[in-house]
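**Student:** Dropping the structure in here first, questions after.
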Amino acid sequence: MTAKSAAAAARATVYGYPRQGPNRELKKAIEGYWKGRVSAPELRSLAADLRAANWRRLADAGIDEVPAGDFSYYDHVLDTTVMVGAIPERHRAAVAADALDGYFAMARGTQEVAPLEMTKWFDTNYHYLVPELGPDTVFTADSTKQVTELAEAVALGLTARPVLVGPVTYLLLAKPAPGAPADFEPLTLLDRLLPVYAEVLTDLRAAGAEWVQLDEPAFVQDRTPAELNALERAYRELGALTDRPKLLVASYFDRLGDALPVLAKAPIEGLALDFTDAAATNLDALAAVGGLPGKRLVAGVVNGRNIWINDLQKSLSTLGTLLGLADRVDVSASCSLLHVPLDTGAERDIEPQILRWLAFARQKTAEIVTLAKGLAQGTDAITGELAASRADMASRAGSPITRNPAVRARAEAVTDDDARRSQPYAERTAAQRAHLGLPPLPTTTIGSFPQTGEIRAARADLRDGRIDIAGYEERIRAEIQEVISFQEKTGLDVLVHGEPERNDMVQYFAEQLTGYLATQHGWVQSYGTRYVRPPILAGDISRPEPMTVRWTTYAQSLTEKPVKGMLTGPVTMLAWSFVRDDQPLGDTARQVALALRDEVNDLEAAGTSVIQVDEPALRETLPLRAADHTAYLAWATEAFRLTTSGVRPDTQIHTHMCYAEFGDIVQAIDDLDADVISLEAARSHMQVAHELATHGYPREAGPGVYDIHSPRVPSAEEAAALLRTGLKAIPAERLWVNPDCGLKTRGWPETRASLENLVATARTLRGELSAS
């Protein structure tokens, strides 16, 4: 096919779409099901209606081929686990008794059975449930979900492409099952897994699928020759199947690297590549391997992870270059649109001009359709859209929101000494222990306490004008009193105020910092039914006034025990926001760090002796390619130290991280120079404690002993077992006792029981230590 004919054949498609519905209907229905207020048939009916509405919306917008199977009640990787029959032994009875309840038990756990581990989906803010595989794992195909959802789309008269997690990525995302040898590699199960995928592909072909998309994003990370060989073998074998659909292998989030020539030569019919941000180098790499002669290329030129409008002219230029490299070039987003909110049209509080800088899922869909039209019919067919794109981009570049001279001057004046504590840790820790007087194995929580219905109602009442600010603050003070009282009665050593005034750990600060924008309906899925509204970091950042001081000092007035000041760190403020793309991330991080530094200093001046600066996103924002790590970690750790280095030696700086693998950033954790770090560890059985010990981490640490992502209450015996494991890696004088993460999403009953068990565990082990 010539470049001209390839252009004429251009189609518009997407890899996936937000699942929740315009008003988060799916979240509400699932939580209603868990509480017994919604029946299983009602939940399934609502889910089918949401899928149909999404498909119709995409088709009406001009999408030629809609995705099927991207919908999920909880997580698409968990759906894949069900599809291949890799149900953990402890969950098989529940799944056999009731497939839906068993599915949710794998995701959330029960009082009797622990859930699957949860971790970040590559470097995004989405979480997946980690498959557990062992030498004895037997795979069996169950394509019910995939075939059913394809049939629903076909019944609407649509061209649909089923979307699956690819077999090699699935195995690379997995971990050894409990009881498996520690050195077991799930990838060794590829020969068992491929026949199951072959059966699913056959089922989908029989159900009418012309194309099936197999996602292999694991190969945008550095991979070994053995892993690349597994990729080659997988698609050589799947490609050799006779009765199968056409195969479109998709990658996203970064450049494909050494996997690109493997897939370019594979006996598949199509390849989907990301051409945004760091992945823009895929264009030159594709040319270097000779392109994709005789194959379909789906070009991800619209950024599926950020919310800024597309530079249509630049994207058309990229598409024009790609025309000579494949038999057919289609247009898409860089990844699933799962990672962005649904529609800017729902926003009423953002200035109309600024709103024109933004593109959520519906607007990105329109951009994709526009680009496909421009590619197929020429730029004359989209002159109006191109003119609007140029005007909106110029408006953003010239806005005073994006450039504040005072902020820029302060950031440029930062010196190395500004990001360095006045004394080394060995000297600081003695001053802190003398000042705080804490027992061995001190107990604390990570920050937030349950956000009850009463708290949410108070926030809604204030927003809707049913109460004034004085009435709202009275309710917040009452909640803080209750939280402090509970912690004192329970016997916790370092307290928190519970954060009842905070809607979200990033949004709360973003709403008080100049340069951020807030949305009303910009919800994106974090995990399961947990949705967040990432703020939009649109311009230069400054702090007009203190943000947390009065609530922290109020809480401290209620107790003699230390109350932690609680802040969200600069890297997490970026990672959990939609961040401006018109300057380097390190420059933006420095601006945020300086604003937070002022808050840290104000907290100390108000008498706060323990200040926690959370950086749960430090690891998840790590670039996917090792070649990019050093530059990222340099600015990320500097931003943290810039935030925290203005305090006295006897002020104890804490930080917190969660949701991630920490082994490859232990040096960076050390470079933060925090006095105490708390980490998620309960589901991974204290693995992080051993990683810290192997590195020789010299400071205090609190690997979590209570998994807060499950409603299950861990017994004191379970917590004690985890703590004893932690003590094998971290000396008692440097070990803290705490949950994995904040308690915002938990209910009070399990919170009370779990924290009482946590304190009892610490006291038991203190006794054992003193006896020894």
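Just so it is clear, glycine is given a Cβ too, placed from its N, Cα and C backbone atoms.
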**Student:** Which of these, ASP327, ASP330, ASP614, does Swiss-Prot list as part of the L-homocysteine site with ILE446, GLY447, SER448, GLU499?
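**Tutor:** When Swiss-Prot describes the L-homocysteine site, the candidate it includes is ASP614.
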**Student:** Taking Swiss-Prot at its word that ARG24, GLU25, LEU26, LYS27, LYS120, GLU620 bind 5-methyltetrahydropteroyltri-L-glutamate, choose the one of TRP211, TRP551, TRP576 listed for that site.
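**Tutor:** Between TRP211, TRP551, TRP576, Swiss-Prot records just one in the 5-methyltetrahydropteroyltri-L-glutamate site with ARG24, GLU25, LEU26, LYS27, LYS120, GLU620, namely TRP576.
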**Student:** Of GLU25, GLU620, the binding-site residues given in the record, which has the fewest other CB atoms within 10 A of its CB?
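**Tutor:** Minimum Cβ neighbour count within 10 Å, taken over the binding-site residues GLU25, GLU620, occurs at GLU25.
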**Student:** List, in sequence order, the residues of the same chain other than ILE446, GLY447, SER448, GLU499, ASP614 whose Cβ lies within 8 Å of the centroid of the Cβ atoms of the recorded L-methionine site.
**Tutor:** THR445, VAL496, MET505, MET566, GLN612, HIS656, CYS741, GLY742, LEU743, LYS744
**Student:** So among GLU25, ILE446, GLY447, SER448, all listed as binding-site residues, which is physically nearest to CYS741 (Zn(2+) binding site)? Use the C-alpha atoms.
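**Tutor:** It is ILE446, whose Cα lies nearest.
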**Student:** Look up SER448 (L-homocysteine binding site) in the DSSP assignment and report helix, strand or coil.
**Tutor:** strand
**Student:** Any same-chain residues 6+ apart from HIS709 (active site, proton donor) with CB under 8 Å of its CB? Would you list them in sequence order, or say none?
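**Tutor:** In sequence order, the residues whose Cβ lies under 8 Å from that of HIS709 (active site, proton donor) (at least 6 apart) are ARG108, PRO115, MET118, TYR527, ARG683, ASP740, CYS741, THR745.
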**Student:** Most Cβ neighbours within 10 Å: which of the binding-site residues ARG24, HIS656 is it?
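**Tutor:** Max Cβ neighbours within 10 Å, all protein chains included: HIS656.
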**Student:** Would you count the other CB atoms within 10 A of the CB of SER448 (L-homocysteine binding site), including those on all shown protein chains?
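**Tutor:** I get 23 for this one.
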**Student:** Quick one: give me the count of other CB atoms within 10 A of the CB of GLU680 (Zn(2+) binding site).
**Tutor:** 26
**Student:** For ILE446 (L-homocysteine binding site), list the number of other Cβ atoms lying within 10 Å of its Cβ atom.
**Tutor:** 26
**Student:** Find the one among the binding-site residues GLU25, LEU26, ILE446, TRP576 whose C-alpha lies closest to that of CYS658 (Zn(2+) binding site).
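**Tutor:** Comparing Cα positions, the closest of these binding-site residues turns out to be ILE446.
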